[in-house]
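Working notes for the structure below.
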């Protein structure tokens, strides 16, 4: 049941094994590193009784922090998959800890910070580059006329084009799962930012489609996407950044980009 | 949608507040509401649409036509069931157009007050543990509520009442904290919110007998009655043995009678949430739900312009340099109970009101008053104490004890006995703050330390809430007492007012509670402030006189 070397068992493990009949113990291996001190990063083992824990990985992390090790550091807020704070690499995949169910049986669950990001501490990574890129695509409605006294009409069909785009929570799971983004995070915008760029490009109320597309006309911002599609596979909200990027590429080459609707 | 009128919305809000709301602020909010929605749409907010391309509006709790006499109103503009998410992203995106300087992951510790004026804040940067004193001519508090003072809440982990706590430490009062809204439909177990929009789209609550029980408690509005009414009804059903599940401790929200297409288009978010957290397919099974702490009607008292108020010799006095808006504030548009959808509206209208007031009264480049050399010293001392706290109670333990106490003693229904017991327990728990144990003494991203500071903030909010609840000996809005079942107003509004003797201010309860706390002992002091009944302009909108509240 547990793939641990006998030499690594200690008193705490025996205490837990003794009560195995009433407990359901799962091992978590969590990446730890502190910028203070000279230690290298390590994987720390925590044992959690799943019978006394909520079903999600975030529940386990909070339980570990509350009961075993208050120094374990991670971001969290809404606990229901809408704020994007708790994005991390769980069992090899980027996802939200709060909507990721603990796999009861089998090997220990490994928890790492999002891949190829600077680590501030433990599971907390530096998101500033990601936010800067998001700001760079001008994520706001742009019209030539000033604010109107009425709403801009938008048909149900045009509004539907925004479904699958506006729900993005900017958790960065997709961008940090993309090998192109790993190798060029400063120049390639990444799936999340490009999905948002597309959200404004095809919003029928926006009047700067041409300019938005022109901004992506260099060798790195958009075109480092090689349809690897890790993004779509990993998105915890079920969105498809790869498809949005493909749609942008289509618009980039077609003449339709001048007058979309 | 049908013909509508903002004055009807104003009436609904006053009635929803159980006549504790300030009618000038309510007049302001409901009058500005249509403009605010149009402005948001112009900013790019992706509202759902009707077939003629206009913004889609749905029914919501407590919203009626023709001053309550014309049936259910469909006035709530929405973005599927993710309106809040969409509002946040739209406004954040717009803010990037301007030179907004965000101090990301800075934790505000305290206000810097000088001569009764707010001159900025002192804050801790998580990224490197440095402490910053930020001098500002104007400070706007938009710090949200304190749902995490309870064991089960729809709120995020970060809802720890930091703004109201800072105000309390500055010696300023908080208003109406005893009014805590229990949202009828939080998922049983996880506590995640299932929006009222479900009932707006036609969903309804059923008990173990499959009965749509709200028809008995609110014959007209049924499941779309005001939230406090629905929460109380659900609690009574469970108490009288008609709860669902093996423990009979919750009820069901049924949606599967609605077309699957409608659920997919209008309620995609909660369909997903119900599957993830309750394992329920909403097109086939009902969702198990329970009244869950959701919103704080009370907060930092402000006028309708967003300026923070205190009272000096019982007179409302503006605190210069300080503003508040949103859940952290009490303007008070929500009074004793908030209507659904009014919170998102409150945010945009009063957030804007703060900005407008600041722009009207100040010019860029004005000089900021000086602050003492040692301003913020107490905050730094507290930070240092927390970082090295080596008592016997870990933060998580004390927090859990506080949450369980509040959940048991300041719940949907309250009695003298449980409230008094709760006050005593909270008093003891507050004194236990001195015995905290913090394990992480690092400077960089010390979440153990920040959670401890947040616990201190929660405690300040919790004691004011429970002491205020014990003190208010009536039932009004969300504050329901089994030993004082009725509202005690200046007149008995169940009978004609003519011929009645008006009760003096100190003998009725249609007044705001103002509480202050002694930070060292946790002792709460109470005073009162009258409700504002006059509107901004009686020609534009008449005052709504108090009446008996039924749906």
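A Cβ is built for glycine as well, from the same backbone N, Cα and C atoms used for every other residue.
Residues or ranges marked as active site, proton acceptor in TrEMBL: B:227. Taken from TrEMBL, the feature FAD binding site applies to B:162, B:327, B:343, B:344. TrEMBL lists B:183, B:195, B:294, B:338 with the feature substrate binding site. Taken from TrEMBL, the feature domain 'FAD-dependent oxidoreductase 2 FAD-binding' applies to B:2-344.
Structure with TrEMBL features highlighted.
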residue: B:162; record: FAD binding site; DSSP (3 states): helix
residue: B:183; record: substrate binding site; DSSP (3 states): strand
residue: B:195; record: substrate binding site; DSSP (3 states): coil
residue: B:227; record: active site, proton acceptor; DSSP (3 states): helix
residue: B:294; record: substrate binding site; DSSP (3 states): strand
residue: B:327; record: FAD binding site; DSSP (3 states): helix
residue: B:338; record: substrate binding site; DSSP (3 states): coil
residue: B:343; record: FAD binding site; DSSP (3 states): helix
Proximity to chain A among recorded positions B:162, B:183, B:195, B:227, B:294, B:338, where any Cβ pair is under 8 Å: none
By Cα-Cα distance, the member of recorded positions B:162, B:227, B:327, B:344 nearest residue B:338 (substrate binding site): B:227
Which same-chain residues, if any, lie at least 6 apart from residue B:327 (FAD binding site) yet have Cβ under 8 Å of it: B:144, B:145, B:295, B:296, B:299, B:343
Residue from B:183, B:195, B:227, B:294 whose C-alpha is spatially nearest that of residue B:162 (FAD binding site), among the recorded positions: B:294
Cα-Cα distance linking residue B:227 (active site, proton acceptor) and residue B:294 (substrate binding site), given in Å to the nearest integer: 10
Whole-number Å value for how far residue B:344 (FAD binding site) lies from residue B:195 (substrate binding site) (Cα to Cα): 13
Separation of alpha carbons, the residue listed as 'active site, proton acceptor' and residue B:183 (substrate binding site) (Å): 6
Residue B:344 (FAD binding site) and the residue listed as 'active site, proton acceptor', distance between Cα atoms, whole Å: 16
Nonlocal neighbours by CB distance (under 8 Å) for residue B:344 (FAD binding site), same chain, sequence gap 6 or more: B:83, B:84, B:87
Additional residues around substrate, ordered along the sequence, whose Cβ is within 8 Å of the centroid of B:183, B:195, B:294, B:338: B:154, B:181, B:184, B:193, B:196, B:227, B:295, B:340, B:343
Among B:195, B:343 [binding-site residues], residue with fewest other Cβ within 10 Å: B:343
Of B:183, B:338 (the binding-site residues), the residue whose Cβ has the fewest other Cβ atoms within 10 Å: B:183
Number of Cβ atoms other than its own within 10 Å, given for residue B:162 (FAD binding site): 25
Longest CA-CA distance among B:183, B:195, B:294, B:338, per record bound to substrate, angstrom: 14
